[in-house]
């Protein structure tokens with residue numbers, strides 16, 4: 001066993017880093033859309049993920065139909081919640097980010113309490129479809145089957161997201177709104193409608209991530225905060241407005257959280273934030289351009 | 001200009017109001033304590049909101065269960081139980097305890113989930129000279145003359161199971177736990193006793209691996225290290241959501257076939273439901289299990305199940321015992337129930353019959369000298385439950 005010290009022990013953490021990174025990507029993509037496009041700092045984003053997670057815990061019963069149902073219900077509930085946040089934000093959308101942050105933070109606190117009130121203070125169990133509730137052999141190691149499948153599904157979601165943003169009219173409008181919101185308004189498309197649409201789409205993404213990611217980052221009283229924090233780190237690392245940047249940042253966060261911890265466990269508490277500080281220090285100009293754009 | 005005057009006026013009003021509020025209870029009760037016939041006022045402080053609310057509610061319900069099964073009386077006296085919310089820790093616990101001790105002037109204080117809360121409240125207890133019968137958190141304390149615990153010290157579970165793990169496992173054991181005071185104590189208790197018994201840790205540097213708390217939600221990288229270490233078994237302590245993550249991921253990891261030994265909190269209470277099948281076969285050490293076969297426990301479990309879903313936890317049991325301790329101490333205190341007399345009476349209790357089996361307070365630490373049990377997660381009817389499979393050491397003092 002001691003012979004394979006160089007590379008072998010790190011196969012599973014590296015693979016897990018991909019699963020983790022893709023989950024963080026799907027969760028953070030919504031936040032990037034909100035902030036980059038609508039210029040809204042939605043601190044209730046983690047709560048939208050938690051809604052998806054609790055839905056999964058409530059509806060999953062170990063069969064495939066329940067997964068489809070949970071995905072549908074979770075996405076619809078989180079989308080509606082995203083639209084609700086957009087509705088609450090209509091009056092303060094033009095104001096500073098501090099106002100938005102305060103309002104959405106309040107929504108996050110209230111939403112978190114409502115979820116705990118509805119589902120209880122314990123972390124509810126999440127039952128994945130029985131066929132995936134085990135482990136499979138990967139290069140001589142055991143790895144959770146669900147996570148392996150999740151990698152495929154999340155990669156598909158990421159590809160789909162890329163296509164939507166790049167190829168569809170909605171995606172083009174959204175990208176146009178990032179570059180020049182006034183010009184889009186001149187084209188006859190209300191920025192307010194784009195804002196509602198983007199927040200709802202962000203909610204849908206967070207809801208989908210919450211349902212599919214529930215077996216990985218499970219629902220509980222701390223879930224919303226944890227997901228929000230990871231998403232914010234990804235937003236900072238990846239820069240705004242770029243899905244490719246977000247994907248790379250999310251994958252990096254995944255590897256830092258798994259491979260990084262396996263390689264340097266004593267540095268685990270601050271690896272992620274050290275990486276974030278480093279990127280900020282080196283890429284300060286990138287952040288400055290973002291500031292002026294919003 | 002007008003703003004400043006109104007602020008002055010408001011400040012004066014507030015000061016007056018504060019004076020009135022402070023004076024009112026002082027007039028109502030000249031002194032802490034209850035004369036003959038008057039109800040005895042007990043304060044219960046527990047986390048009814050926040051991260052530890054599951055534990056806090058068990059503590060409240062355990063105490064109330066004792067009251068409701070004893071006609072609402074302790075020591076033959078009517079009891080007025082004043083419940084306050086500890087919240088997430090010291091910041092919320094201190095004002096709540098201040099209210100119980102200074103405004104409500106309780107004869108004794110019980111409950112308290114967090115060790116940090118106990119440490120923060122202890123100066124208040126020393127100041128007001130009210131005895132504290134804690135039912136969970138127990139930090140390092142210099143002066144325990146008025147502090148009693150019906151729970152355990154954090155290093156005792158590991159100490160109690162070490163010899164068994166040494167005898168049972170052929171080879172080395174990997175020790176891993178959360179990086180905070182509770183985790184250090186729990187793992188130190190195990191590793192010290194395990195080394196004394198001649199056991200060898202599998203950790204590469206011979207020291208316990210501590211994971212950032214509560215930041216760690218993905219344990220896969222640590223499992224890879226355990227695998228690489230060539231360990232033959234794992235000993236751990238986690239509680240709450242970290243316990244759920246650890247157990248679920250362990251069951252699907254490459255170390256899933258290594259036997260897992262743990263301090264009982266890994267699979268205690270609500271977390272076991274969340275873990276489900278993943279928790280099957282885990283060995284844990286705890287001072288209580290709902291399937292213990294004694295008369296006190298049968299009565300306790302039956303009464304609990306009549307009011308609640310599921311079986312009682314060790315948290316509820318410890319709080320039930322805190323009520324039992326106060327019951328006997330108040331009876332022994334005589335007609336004039338004062339904090340001092342209750343405290344003196346607790347010191348004289350001797351053996352206490354309890355759902356966990358008979359135990360007594362250690363004269364030095366004021367925590368229980370009690371038997372610890374080896375439990376395994378097994379099928380019990382429809383649900384998984386912690387089933388006692390053997391007795392371990394009697395530890396305490």
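Backbone N, Cα and C atoms are what each Cβ position is placed from, and that goes for glycine too.
Here is what TrEMBL records for this protein:
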- A:20-44: transmembrane segment (TRANSMEM)
- A:64-89: transmembrane segment (TRANSMEM)
- A:101-120: transmembrane segment (TRANSMEM)
- A:144-165: transmembrane segment (TRANSMEM)
- A:196-217: transmembrane segment (TRANSMEM)
- A:229-253: transmembrane segment (TRANSMEM)
- A:260-282: transmembrane segment (TRANSMEM)
Exercise. Which range out of A:64-89, A:101-120, A:144-165, A:260-282 gives the transmembrane segment (A:196-217) the most CB pairs under 8 Å?
Worked result: A:64-89
Problem set entry | Touch test for the transmembrane segment (A:101-120) and the transmembrane segment (A:260-282), at least 3 Cβ pairs under 8 Å | no
Seminar exercise, completed: Per the Cβ under 8 Å criterion, with at least 6 residues separating them from its ends, the transmembrane segment (A:229-253) contacts 17-18, 20-22, 24-25, 27-32, 35-37, 45-46, 158, 161-162, 165, 178, 272-273, 275-276, 279-280, 283, 286-287, 290, 293
